[in-house]
Amino acid sequence: MERPLHLLLVFLSSPWLLLLQGVSSLQFTRDDFPHDFAFGAGTSAYQYEGGAAEDGRTPSIWDTYTHSGRHPEDETGDVASDGYHKYKEDVKLMSEIGLEAYRFTISWSRLIPSGRGAVNLKALQFYNSMINELVKAGIQIHVVMYHMDLPQSLQDEYGGWISPKIVDDFTAYADVCFREFGDRVVHWTTVLEPNAMAQAGYDMGILPPNRCSYPFGSNCTAGNSSVEPYLFIHHSLLAHASAVRLYREKYKVAQKGIIGINIYSMWFYPFTDSAEEIGATERAKKFIYGWILHPLVFGDYPDTMKKAAGSRLPIFSNHESEMVTNSFDFIGLNHYSSVYTSNNNNVVKAPLQDLTADVATLFRVTKNDTPTPVFVPGTIVDPRGLEHALKYIREKYGNLPIYIQENGSGSSSETLDDVERINYLAKYIAATLKAIRSGANVKGYSMWSFVDLYELFGGYSTWHFGLVAVDFDSEKRRRQPRRSASWYSEFLKNNSVIRVEEDGFVSAASHAQL
């Protein structure tokens, strides 16, 4: 049910008192979180850096995708937020806001332009300089090694992630990252959102590397929607586990870091209380959460997936199962919203079937929406969904250490007076605290995003997620902090009081981000 957003800022000298409606009534400050909990914000290399053809960087699959005209807005990330040139200014802004942590990704095709072999010295200078700036600012560093930007050379050579050859190349790339940056980087994430990339990139072909097959996807020049999503995840897990083993054997004693993997998360509510709808909801959870977490905890894929995909689902050898099991120190969670789910009665078992048919579930953002068989990012503000997701993980897979690595609200408006974003963030931060008090082992929270970015589906003009606005019409990509940056700063630096009142679902601007 749609309800208006309500926000009242009451200034009682200092700190601020923020009254919001959202999760059940809760009043809190920064000090209510554990002493080692870190609040931050994030960016991603292709969306942030720019400098696409500078200093030895070579094309990634994202460059190929956007330059082929497949992006809906026909825009590229060639300049993006120009972080390649403006990172020092950005770190200064982070410090002024009071960020305790910053999560960014490394561009593989910048660091190792050929995908393997020689390291780009200019890239080393860039990442070392940025890391050093963060260290000087006292900001905790969280590095992601891969987010959908494979060097195009490896995609051309052997098909990238659908080939087992990727395991050795990714491990060698990770080795360079650990060796060059690990003396200052403590928090490592191997792969970001593989469960989302599987459908978007390899079943539907709507994101890089734009692989799909008829009749399941369209506008693809190559691919196999029946098997490639499963190969991609399988090799992602093996590459992740190989990198973790390398880190633990070669670097962990000296560097004392931790390493994990990230999953895209949404919460699912059955459309009705029927057994059929509840079954579809549980099946969707297995494909979103269990596809990654089940092998990491139990060494194999969920039985639900084995039954649905059959022989198309790869099998772990005993050695691979042992390597994958417990190959993490934490799980990164990207969470934005919730959706309604129902059984897809139109799916009939056929010799040729894709991931979407295997899930056999329909999704609705609201109960009045037309259902779609594709995992659809939600647009409702539902902080309880985050609580449910954390509880589900704890009950099914144990009380795993979790970093919320992305959570945020996007708006089509470029306004600096982003009250809706403040509303959203306050509710989800409150939900995080409630989950911690209920026993969830959440170690950190990173909002999405630090600055406005080149958005994966929306380009420059459709959605703006940043605490800091970026003028994409300006050659200098001028920065200007939004009201949400001031609010976040008051919470982090001045221990301002936030009170969130119970309300339930609240409709807001889209905050879905893959």
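Quick reminder: no glycine exception, Cβ is built from N, Cα and C everywhere.
It should be emphasised that the depicted structure is a prediction, and the values quoted were computed from it without experimental measurement.
What Swiss-Prot lists as active site, proton donor is E193. As annotated by Swiss-Prot, active site, nucleophile applies to E406. Sequence annotations record features per position, and here Swiss-Prot assigns beta-D-glucoside binding site to Q47, H147, Y336, E406, W448, F465 based on similarity to another entry. Under the heading disulfide bond, Swiss-Prot lists C212-C220, citing similarity to another entry as support. What Swiss-Prot lists as N-linked glycosylation site is N219, N224, N407, N494. Residues annotated as signal peptide in Swiss-Prot, with sequence analysis given as evidence: 1-25.
With respect to their backbone Cα atoms, W448 (beta-D-glucoside binding site) and the residue listed as 'active site, nucleophile' stand 5 Å from each other. Relative to Y336 (beta-D-glucoside binding site), the recorded positions E193, C212, N219 all have Cα atoms farther than 10 Å away. N224 (N-linked glycosylation site) sits 5 Å from C212 (disulfide bond), taking the Cα positions as reference. Spatially, by CA atoms, the recorded positions E193, C212, C220, E406, N494 include one closest to F465 (beta-D-glucoside binding site), and that is E406. Secondary structure at N219 (N-linked glycosylation site), taken from DSSP and collapsed to helix, strand or coil, is coil. Each of the disulfide-bonded residues C212, C220 was scored by other CB atoms within 10 A of its CB, and the lowest score goes to C220. Put plainly, the recorded positions Q47, N219, N224 were compared by Cβ crowding within 10 Å, and the winner is Q47.
In the three-state DSSP reading, N407 (N-linked glycosylation site) counts as coil. Look at Q47 (beta-D-glucoside binding site): DSSP puts it in a helix.
Comparing Cα positions, N494 (N-linked glycosylation site) lies closest to H147 out of the recorded positions H147, C212, N219.
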